[in-house]
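Written out below as structure tokens is the structure these notes cover.
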């Protein structure tokens, strides 16, 4: 029988496992998200009613007007009045739908009078957040362990929806987002805010939200952006305004101190063990996505580091540092000088020069990095 | 409708066909070319389906088990391209080739040699596209929509092969469209006025104009991708003064009419089958024609509803929202007309009718999700999620593909001279119907719950839904092997089919014997 | 074997012409899009030509806040930041804002700054008298510089625009330019 889709739906909603997973759009935590949810439900109900009428009539017809029940077919093949009616009535229903849709949309696009502004930059495959009013900026990367993705460890509760440094915003304040991209088109989406805006390279898009409830809200990149499109989530923590003030002041202080410490560390040396330990960590979280955990790279796309290239060439220390710090123009090799601290850079380059049997014996220190950066 | 007064039998004993491979390479016969298109389409349907099986297998569970993310992206991209340009469009072209000349009482298409070319460049195009998967760096992995700069600066050289194959497919479609228009305008039998033509002819007529209007724009768009990537232009590169969003405008100016190109012939098929099996004339013939034309015209005004999140100004968002909602009106008219055709008819439920009725219900469900997507503020939550995937698979699979299957069952007796095995056919129908819904209906929920599209791995709360969908996918894939069996079995033999095996069928094609002679209507029939 | 073949050539020619026309239309969409965006300001791009400042009535009754953002497109290691994060300006008033740029690498480079405005509507009312974004900017190895941007807002900028953001994305153009050309440009500075 043609009721299959409805039965499937009913069956689905009764399965205990499925009943746990959310089946409907979130109502979210903003006025806008609630309006969007209401709009979604109204349109859905209208569709259900129209569907019930149309499919109902079809089923009645299938039963009553089958050849065995109605051997002589009727003769009619037009009826102007009815045809006009079923053209006008849907038009009126649509006009009815269009009114709340229009008012919601106009409200959503009003970005004026923001309290906090955040610049959001998407890149392959992470987000960068920079607060406009305060001197705080950082990258936000997927924090889920590779072993969970490769099915070696059990998957955590927020599998693929966790990051190392979430965006923090105040509740009860209008927060304006300026969204752009460093490379390809990405899209910043937080379902609980009903905010989704494409990140177009070379252009800024603006959007805003005003969160009613403190909490942690998770979203994902919503525009295919390459290999790890599914692995660059968005996590936002909304704090009460006083707590947010405290947090942002702390962070500003922290980043200021970290910049000072960078300078101090220039004078410090690290041992081989320290370098290799930290280097391996950085390599796995930042470089292995392209160059692979075993340093073999991907044929034709990402060069191998194990046993090849600048990483094994004893004369190419500076070139190796330059490549990592400044990137390679016209390729996918990014400039990591602005993404990693000098300590981290020194460690990861040391690791690359000594792991996988490369064994150059070179130990790179923060001072070396500093020299190349300021040449 | 039309009735035949004078019958033309005198060419049946001249019914000799050339033989060997030369027959197929050099044929200018619309029936042969139609058959080749249909076999190409079925092959590509299975190829594209195999890629879907890879996708569903990887998505069966959270975590990466079977393929690397970049290969997964290649699968989704090529699955889309193959299904659109290799399965759906050639199937409709095959049906057009087989049926339009017979339906209007013409001996063949207007341009038979160009017809041969239209077909034969296609296998070549698909060898290029599928071959690109084996290149170093892999095949295209940017989605069938190929947004820049992912498809330009950040892609492998397979982009070039992608562009070439799309150009060839475009040329093929344009040539077919020209052929269809000239055939319908210039070769109708005397008395076959425009408003007497079967609706399948009308819908293909309008589709052909859409093809001529928009396929060249696609050619322009992908050419710009090629020059941006290799020849230093900056159409879509902000650094050179270009705009990546402009690509989306140009692409979707083609893209939206393209999806109507893929559904209007379906409307024509359903408008032939339901009256036949309800034994009742199509309700509101003229409205059906006008509604089809209205849909075609409106389809040019809605392209940016694929771009609501790109940062469009409010005024533009409202314009596209209203125009998109408007398309629901003529589409609704068609649905109502089909139901009115059923109403107080005298229905039997042979396989073509089963597929046609399933089409009406399930395409309407796809239409409802489309209406929901049209509402811009709500679309911000649906865009680029599995809600969209559910929508377009409902309209394309339970819509276009089901209509193609309905057409195949309807006309197989005419093409082969045999009745298909109806038990196998009904099995094919029921297994497809159940599995396709198990496959795609849950995707609505996945999207609403927040699952983006084009991802090879997902958060654990989407696991149950994906597992159910994957099971449906495997079942749907296997079910199509039944169809393959039915088709091959029917070609090889079966109960002898009458000239008109369906009691309520109307149209000139049922006045010639089954199988249809190699040449039909060499002398035009008289049409009342 | 039909008695009379209709003459299809006229129709075929017309249809082929239509195909060619639509292909041309696809390319025509490019300048059409540019013009449309220029007139409506829809994609937030600003003009590439220097505006000439005519003495206009400065509207002292209102202030518009203009925020400045910078972003380095992937692969360019330059320092690039505005000397001041935002300015308050009266419509009709001219202001200069300096942007700091630095090339920390060991080779001469050249870059292009691409502006973008949000809300896009504001771009219609922004007039730049002088901007480093009009041309590609060369920078010698290790050099730092200050790049001025002089602008004013149309006095008829709508009341509902009280704040807008001007963002520059910096792109590396070194690969597209010969070393000699860059050296030449540096000499003429």
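Keep in mind that glycine also has a Cβ here, set from the backbone N, Cα and C atoms.
In TrEMBL, the annotation transmembrane segment applies to B:314-333, one of the ranges B:14-33, B:234-253, B:314-333. Of the listed segments B:387-412, B:491-516, TrEMBL assigns transmembrane segment to B:387-412.
Looking at which of B:117-135, B:314-333, B:354-375, B:424-445 has the most CB pairs under 8 Å to the transmembrane segment (B:160-187), the answer is the stretch B:117-135. In summary, the transmembrane segment (B:117-135) lies against the transmembrane segment (B:77-96): three or more C-beta pairs, each 6 or more positions apart in sequence, are under 8 Å. Along the domain 'Cytochrome oxidase subunit I profile' (B:24-528), the predicted structure has mean pLDDT 97.
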